[in-house]
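Asker: For 62-246, the entry in TrEMBL reads domain 'ABC transmembrane type-1'. Marked as domain 'ABC transporter' by TrEMBL: 283-469. If you look up TrEMBL, you'll see 12-33, 66-92, 104-125, 131-151, 172-196, 228-250 marked as transmembrane segment.
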Amino acid sequence: MDKNPPIDKKATGVHALTRCAPVAFWLVVWQVASMLDSSGILLCGPLDALLALCRLSSTQTFWGSIWFSTLRIVAGVLLGYVIAGVLAAVSWHMSTVRILLQPALLAIKSTPVACIVVILLIWIGAANVSIITVLLLVVPAIYFALCAGLDNMDAGQRDLFEIFGARGRRRFFALIWPAVLPYLQAASSTVLGMSWKAGIAAELIGVPAGSLGERIYQAKLLLETPDLFAWTFCVICLSWLFEHGAMALLRGTWPRAAKLALRAPRDLMESGGEAPSGHNASLRAQGLLIGYGAEPLREPLGFSLGPSSCLCLQAPSGTGKTTLLRTMARLQKPLGGALENAARGCSMMFQDACLVEDLDAIDNILLFARPGFTRKDARDLACELLPKDALSRPVRELSGGQRRRVELARAFAAPGELVLLDEPFGGLDAQAHSCALAFVKRHGTRRIVVFATHDANDAQALTAQVLEL
């Protein structure tokens, strides 16, 4: 049976007609309007413009002008993106720099292009005025877009990468890039087209020799209207090609960027380093006060856990289980007392699902796995919890219970000696629940496992100490 549906030629033809008809309509309007000007100076017809374009394209000067302007405008855009990226990164880490940059970039953003060009002509001359003009157009728009993306980064994803100790390329490509990409795309859809408008406007004012702006200016001086329209058509085509090509490249970076993150080696200085030994792992609390703000949620807590220990947190919802786990993970500070964590590295399964949605189960596990953990190891680990047909699909397509099991496998593939599980068995059917309990018991050796649950039978199944909050 042919899986490919038959092509509806009639529908395809109608679609093509609806796209071409408006273009044909405006060409007719253009031709009729040009016929009202018998001199052909104010407005030439589309055929005259096409003939002029054919004549110009056969000359070496035509292609030299295109190369001259394209090189400078593209260079200005690339430099602008690089500078904006560096400034946004510095501003994200240093609020003082952000405060200092704000008025300057707002002033540049609000200044008319013509004023910028005139000032630049005084400073640097005409030859490279389009580069700096485009750069000054790009930097503020991309800078503010990147800052917005960084400011609105998902807090759960940020906590995930912090706990698992992902750094460098893995952090950039799998956390930061997908966070800023939507904002970057939105800004780029405007900036890329505007860069050509600004660059050609700068050339029209400065008239650098050999540029498209110079050719347009000369056509205007000599009243060569067909040439003027031909050069303008070239600029429109170049702008359209550049904008759509660059936007296609941006869209294609994700989820490919995540694959680069997977190839980045895990730094042994990151959380957990190599596979857990568990020999010296310990977690002790004495008089521990937890909560948000200045008000403790519970009475002081105390416990002592050594290698291969398992602690079950039991309490009604909203009484501090998640807060205690976040305190153990160092995501928030205790309000008082002492918490001594001698475990090397930590991994955590959050109460709300926290996965890289566009990656499959195997890649989500590998992203934070310990050094030497291969794709085969990840597949074998995942197969203990998931059906094989769920392994190669993006996790956004999986059911809630399957997503929880991906997170559970990821927590034990990571090298941390302390494993924190926030309601790991919630939403699982009886069979999956039993399988998950056996998985935790099997892989919890040489680690300290702390989990929160509402089911007292879970503690018995894992022979865990119980701490009632």
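Just so you know, glycine gets a Cβ as well, placed from its N, Cα and C.
Since this is a predicted model, take the numbers as computed values, not measurements.
Help me understand the surroundings of these features in the structure.
Answerer: Same-chain neighbours of the transmembrane segment (104-125): 132-133, 136-137, 139-141, 143-144, 198, 201-202, 205-206, counting only residues six or more beyond its ends whose CB sits under 8 Å from a CB of the stretch.
Residues 72-73, 75-77, 79-81, 83-85, 87-88, 91-92, 98, 101, 105-106, 108-109, 113, 116-117, 120, 124, 176, 179-184, 186-188, 190-191, 194-195, 198-199, 201-202 of the same chain sit 6 or more residues outside the transmembrane segment (131-151) yet have a Cβ under 8 Å from a Cβ within it.
Residues 44, 48-50, 52-53, 56, 66, 69-70, 73-74, 77, 181, 184-185, 188-189, 192-193, 195-197, 200, 212, 215-216, 219-220 of the same chain sit 6 or more residues outside the transmembrane segment (228-250) yet have a Cβ under 8 Å from a Cβ within it.
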Asker: So what's near the transmembrane segment (66-92) in sequence-distant terms, Cβ-Cβ under 8 Å and 6+ beyond its ends?
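Answerer: Beyond its ends, the transmembrane segment (66-92) has Cβ neighbours at 98, 101, 128, 130-143, 146-147, 150, 191-192, 195-196, 199-200, 203, 208, 210-213, 234, 238, 242, 246.
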Asker: Which sequence-distant residues neighbour the transmembrane segment (172-196)? Criterion: at least 6 residues beyond either end, Cβ under 8 Å.
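Answerer: Those are 73, 76-77, 80, 134, 137-138, 141-142, 144-146, 148-150, 152-154, 157-158, 161, 166, 235, 238-240, 242-243, 246-247, 250-251, 253-255, 257-258, 260-261, 264, 356, 358, 367, in sequence order.
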